Amino acid sequence: MGVISEKFARVWIPDPEEVWKSAELLKDYKPGDKVLLLHLEEGKDLEYRLDPKTKELPHLRNPDILVGENDLTALSYLHEPAVLHNLRVRFIDSKLIYTYCGIVLVAINPYEQLPIYGEDIINAYSGQNMGDMDPHIFAVAEEAYKQMARDERNQSIIVSGESGAGKTVSAKYAMRYFATVSGSASEANVEEKVLASNPIMESIGNAKTTRNDNSSRFGKYIEIGFDKRYRIIGANMRTYLLEKSRVVFQAEEERNYHIFYQLCASANLPEFKMLRLGNANNFHYTKQGGSPVIEGVDDTKEMAHTRQACTLLGISESYQMGIFRILAGILHLGNVAFTSRDSDSCTIPPKHEPLSIFCDLMGVDYEEMCHWLCHRKLATTTETYIKPISKLQATNARDALAKHIYAKLFNWIVDHVNQALHSAVKQHSFIGVLDIYGFETFEINSFEQFCINYANEKLQQQFNMHVFKLEQEEYMKEQIPWTLIDFYDNQPCINLIESKLGILDLLDEECKMPKGTDDTWAQKLYNTHLNKCALFEKPRLSNKAFIIQHFADKVEYQCEGFLEKNKDTVFEEQIKVLKSSKFKMLPELFQDDEKAISPTSATSSGRTPLTRTPAKLTKGRPGQTAKEHKKTVGHQFRNSLHLLMETLNATTPHYVRCIKPNDFKFPFTFDEKRAVQQLRACGVLETIRISAAGFPSRWTYQEFFSRYRVLMKQKDVLSDRKQTCKNVLEKLIADKDKYQFGKTKIFFRAGQVAYLEKLRADKLRAACIRIQKTIRGWLLRKKYLRMRKAAIIVQRYVRGYQARCYAKFLRRTKAATIIQKYWRMYIVRRRYKIKRMATIVLQSYLRGYLARNRYRKMLREHKAVIIQKWVRGWLARTYYRRSMHAIIYLQCCFRRMMAKRELKKLKIEARSVERYKKLHIGMENKIMQLQRKVDEQNKDYKCLMEKLTNLEGIYTSETEKLRSDLERLQLSEEEAKIATGRVLSLQEEIAKLRKDLEQTQSEKKSIEERADRYKQETEQLVSNLKEENTLLKQEKEALNHLIVEQAKEMTETMEKKLVEETKQLELDLNDERLRYQNLLNEFSRLEERYDDLKEEMTLMVNVPKPGHKRTDSTHSSNESEYTFSSEIAETEDMPLRTEEPSEKKVPLDMSLFLKLQKRVTELEQEKQVMQDELDRKEEQVLRSKAKEEERPQIRGAELEYESLKRQELESENKKLKNELNELRKALSEKSAPEVTAPGAPAYRVLMEQLTSVSEELDVRKEEVLILRSQLVSQKEAIQPKNTMTDSTILLEDVQKMKDKGEIAQAYIGLKETNRLLESQLQSQKRSHENEAEALRGEIQSLKEENNRQQQLLAQNLQLPPEARIEASLQHEITRLTNENLDLMEQLEKQDKTVRKLKKQLKVFAKKIGELEVGQMENISPGQIIDEPIRPVNIPRKEKDFQGMLEYKKEDEQKLVKNLILELKPRGVAVNLIPGLPAYILFMCVRHADYLNDDQKVRSLLTSTINSIKKVLKKRGDDFETVSFWLSNTCRFLHCLKQYSGEEGFMKHNTSRQNEHCLTNFDLAEYRQVLSDLAIQIYQQLVRVLENILQPMIVSGMLEHETIQGVSGVKPTGLRKRTSSIADEGTYTLDSILRQLNSFHSVMCQHGMDPELIKQVVKQMFYIVGAITLNNLLLRKDMCSWSKGMQIRYNVSQLEEWLRDKNLMNSGAKETLEPLIQAAQLLQVKKKTDDDAEAICSMCSALTTAQIVKVLNLYTPVNEFEERVSVSFIRTIQMRLRDRKDSPQLLMDAKHIFPVTFPFNPSSLALETIQIPASLGLGFISRV
């Protein structure tokens, strides 16, 4: 039993109410203890006494982590309470009705309709391994289907259980799965017929019982036949032991068979009037149960379904009416009443209405039937005589006849159903579905229960042998030594029933006895078996019953009625009357009585039917007929059961055990008692016992290592996983008998996994405690440090406060001292000042007195001195004047005397000659001096004259200035005079005004008085008006508020309605587009089907050999032209669709806008070309300065070329401005207000785009100006002149620039040069910034790469050496792969750049050549002679190429073959321009249009379309091929639009492209056909994507552990899951990303439209998200916290991929939102109401069913996680009950978003396209 000695061990103890109760040990158990102290879950303590005889300990409970597992065999402790608890937890808590128990699927009836049987669930289980998904009936069906195809062995699904357990429903869903997955081999819809047989068989074989509203009252085995391709071709049904007694008797609250009530409910139908039916309560056979109506079932509708199913199975209306006549006759027969004549005879009343109706419906004679109902014929050896029968016998005979007719009708319907399901094609294999009654035991058990339990004994024996065989095979395969496992063998019980002198043998023998009775048979049983067979017992209080010990329980059978039911006696005379019926169908029912087929004979179909009806006769001797007629029901049942067992033993069985959870049909209510009874009865516990007897727990070595790695030390881990596990187990489990090592698995005894889980949990708990200890210590240290820091801060602040207080005290003390000092000083100073002031006053008075005295004295002395001064001065002056007068007089006298003397001397000298001579010499000298003086004076005069003139000028200027000042002053004087006059006049006016003011003041006073009176009156009036006004304002405000609210509400309502209508219209448009595309998909499928059938017919006609194999369906014959014409006819009938809604709404505006964008792009390219050209010209100038002087004309021509370029740019700018104005005008004049209204979203978006375009145009204009200035500067730089650098020469040049215009021009040139330099500096700055940003990004990426490498290195260092090497190799491979992909992308970009540059080079070479030719014409002959001879480029003929290709009519097939059928996409994608085949085909179409050859156009387009279809049919599973032709089809479609001549498409073209438009034919219909073809190719591309991605998604997104070590591997049962540990064959997330990279690079190589790539990526991500979420919803083992983390990481990697590819705006991320929310739901907290509210707001993309399903499936992987409580799930359901979403559980993974193909014109000129020779199109000529 395991060790339970430890305290707190949890155990199970028996309980009379709950069967088993959980308890916990309160005290350690010691050997010898008789009592266990237990603590129950409800809180009570209990003393549990052990059995003194067996001393068996209670069963141990499994760890909580194992509870709720998908497979019961995964439980460590396998016993009854563990199984019961696991089923209860799954059923009640998780709402899961299916559970595996080894090879058995246990299905519990939920009594509620569950959304888990839809076609989406079928698709999810299709192709999956049985252990990979949650338990389901579909998983069993898939396993059977897979084994049939893999092992080529027939399969059987055995469905058993009590009535009401859900057997019929399970069998029905299994058949539905086969019908859906396999399909039919022909167009006869065999799968629909197989499913249609269910309503018919349910109506005639099912009835309401107390346990089940739709209980099958017969057993059936349906063989579903398959051909070699494993498609359904037919079916065959075998039935067992129909409960005929129900036709004539029903217990309380039960009903007869459904068909009778359906007939009564449909009695008012016109065609049923002849049946003369009515309410079910009017008939004896339908009213006995008292419950004619089933709640929730409409019998009228069910009748319609039954009739519809009969029609589908080929039962004609006449036969249907015949069936209904017979059934109605049975009802009327039940109403036939008998009256007793005496005790031995009875009669029927004359003209008895029920009997007459019965005879009319059956077409028999009334009198004859009336006679034989009351009489019987007895035959002896000598004579035959007729004997009347009593009323009781007559009633029994009537009921026997009714039962016999119904049984015959039942068999007839089964035969016709089999005929409808029979196929002429040879059956290769089959899957049988056995829906048979389970073990039954009631209070009164009769013959029916005996047969049912006998059949279950046989089935249980077969089940036990199969389980035992599988166990032993597993041990042998793993090479484990094994001993025979003791299991219950019920062969003795079977021998008791069927052996010689067994119960059935004695029963048949008693039936042959003339006077045999139930009592005599019972005595024979007692005599034969009592006390001789341990399984047979006799009840104590009864002599008419016996007890059999069955495998499930003891059953007591009542002997009463056994003989009668075994004989199944019907009077032959009544049968003869029915055989003579005029109603043709009735005799057919009894034909098999005459055939008397033996039970061992075979039918014509080669299969041996198991169903045999009673009383079957063969033609021949009368003795033989009598012998065959006496075959009993028991004998027939035994034979058919033997045949069934032979069939089952020849197949591989699969078991489904249905459990009824309660007897009251309450949904999701679990009755433990009833469940245990059924578990014991159906053999589930026996399976558990057999498994527990051996090694029930099995682990692969890798799973064991991953799960229990925590129990190993680093030194224990070896490179050999197997040896590692062996070493660890030897240390962990001492007893080696508790486990065995197989080749690939480790086998454990029961309880050992729980022991290992306990060790693991203890180790993890110890680790958690250590982590908690460390974290708590760290937290407390942090808390201590925070407290210490806080204390220090508090101390600091307290000390600071104290210090501040002390400082304040010191400051106050010091301040007081200072105040005292100053106050004392003030007092002393004031005293001092008073004294000083008094002293000063005294001194002042004294000093004043003395000073005044001194002053008076000084004044007297001063006046005396002055008098003396003036007197003495007068005396001195008088003396001086007298002396001077005398002296002058003396001098005059002396001088007069001296002058007289001199005069005398002169007179004497004048008289002499010499004197004259001397005077003459002196005179000459003087004359010369005077002459010199005159000259000097003249010079001085001149200077003075100049100064004078200057002064005069100055004087005149000053005079003029003064004169002007004088005049101004005179004017001011005059103005002053005028102002004075004005002042006087104003003063007069002021005086007048004063007078007027006085008058007005007087008047004002009077007016004020009147105004005061008026004011008072008005104030009173105003107050009244104000009051009224306030009231009115309030009313107005209320009304305004009401109006505003109403307007707001109306606006909001209208906006909501508008948004809703817009969304609805968008949804309708998408739905319509999706419906149309689905129709196209269906059309293409039917077309392929038609082609396949045509091929098969061709093969059947041409190759009649029977042994020849079928040709592959992918190779089809050539299609005829009418296929294409039929497509056109269909497209004409289709409603007109809008491929590009925006273009259809505003074709002119959007095309113009696109043209603007295109022209801006061309301007940028032209600018770049000009810049490159200028750079090249500058380099040429620097290289050849010497040659520039000799070639001025050539350089001038180049400048003219540049000026032409500039003019062209200006003209382009003007065109863009004009087009912009036209666009604005078109927008303003647009008639659609909802699109172009100023407030409309489309208008705003368009105006914003136009504004950005206009800004770009302004920028381009500035760039043109800059280029113009560059050209001017270049022109000035290359003009022939002698440049000098000397500063003096430059100064002279400046002096020469005397003209102001030249100076201004030079200034403008400098400004433009500065602007140009500034723009160049800014551009260089921007380029440097961009380079720096790029380098920073590169550094960041390198840092991230470095971190990732370090993480990988750290992870690798933790791994063992072998794993480290593998991980490093894997990492290196991944790195090299990524580098290879990056290099391929760079190579592709470089190839595109090279191609683009080659094209530009060709164009520039052509233009330069033409320019050089023009320059050569302008050069003079002399210059030509001087210059060296240069090669001249002759213009090529390509310039006349019109972009057309010509081919002959007979070369069309060769063109299609080389260009489509035999073209390899890879070579074209890598080496040639994208879309080259499309361009070539369009150029051929152009030429046919140019020739006006409609036949050629039609033929070419038809051949093209059909050839593309052929290629896709032949290589439709190759992604490259499909992608290539999708891209080319779209490009072909765009070409047809671009060159169609329609204005909406032409505005994107250049003038040259517009010249290439089609001129003769309108190919709009062909555009529609090509669009449909593109849709079909897109859908095929999606299917190819799905087929490639589907195997990777579940493994990569769910199973593979991207983050290693986050989630552990839980124990699994017999059904092993796919391992999450990566190996060589496992797909990982990197596999998905590599595949996505491959898809994206292929589509880009093929030149697919970017918008189309976005749609493909969105579809890919939807597939990934839908499949991942669907598998998550169907796998309980994936719903855990750690798996949510894995999913979120994987999704983040996908989002990173989108960012790398610039596809975040493709809508792909939004398709992953349900998966993201599901992962978040797994990780969020799930306990409180706030958590529920958060979940409801978070999971907006998930439906209520999905949210509840995830919560139900949530499973803890470790003991530290908790399950979601039922109350929390109910809270979620209550909060989400108002949400309107789909009840569907799974996402539709097959859904394809409607695709659109936005118009994408090509800028490639047709005349530049070159046709490579590798295409083999040499027969095409260019036109």
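Just so it is clear, glycine is given a Cβ too, placed from its N, Cα and C backbone atoms.
Positions annotated as domain 'Myosin N-terminal SH3-like' by TrEMBL: 6-58.
Residues annotated as domain 'Myosin motor' in TrEMBL: 67-761.
What TrEMBL records for GLY161, GLU162, SER163, GLY164, ALA165, GLY166, LYS167, THR168 is ATP binding site. Neighbour density for GLY164 (ATP binding site): within 10 A of its CB lie 21 other CB atoms from the protein chains shown.
Among the features that TrEMBL reports, compositional bias 'Polar residues' is placed at 598-611 (among others).
If you look up TrEMBL, you'll see 641-663 marked as region 'Actin-binding'. For the region 'Actin-binding' (641-663), the number of residues in each DSSP class (helix H, G, I; strand E, B; coil) is 9 helix, 8 strand, 6 coil.
Per TrEMBL, the feature coiled coil maps to 913-1103 (among others).
What TrEMBL records for 1114-1125 (among others) is compositional bias 'Polar residues'.
What TrEMBL lists as coiled coil is 1153-1229 (among others). The average per-residue pLDDT of the prediction over the coiled coil (1153-1229) is 57, rounded to a whole number.
Taken from TrEMBL, the feature coiled coil applies to 1318-1407 (among others).
Through the fold, the region 'Actin-binding' (641-663) approaches residues 87, 91, 101, 103-111, 137, 140, 143-144, 147, 151, 153-167, 170, 174, 211, 221, 238, 240, 432, 434, 438, 454-455, 458-459, 462-463, 466, 599, 608, 610, 669-671, 674-675, 678-679, 682-684 of its own chain, all at least 6 residues removed from its boundaries and within a Cβ separation under 8 Å. Within the domain 'Myosin N-terminal SH3-like' (6-58), the DSSP-based counts of helix, strand and coil residues read 0 helix, 24 strand, 29 coil. Between the binding-site residues SER163, THR168, THR168 has the most other Cβ atoms inside 10 Å of its own Cβ, all protein chains included. For the ATP site, the Cβ centre of GLY161, GLU162, SER163, GLY164, ALA165, GLY166, LYS167, THR168 serves as reference, and the other residues of the chain with Cβ at most 8 Å from it are ASN109, ASN212, SER215, SER216, GLY438, CYS658, LYS660. When Cβ atoms from all protein chains are considered, those within 10 Å of GLY161 (ATP binding site) total 27, not counting its own.
Long-range Cβ proximity for GLU162 (ATP binding site), meaning a same-chain Cβ under 8 A and a gap of 6 or more residues, is found for ARG211, GLY438, PHE439, GLU440, CYS658, ILE659, LYS660, GLN678, ALA681. GLY166 (ATP binding site): 25 other CB atoms within 10 A of its CB, across all protein chains.
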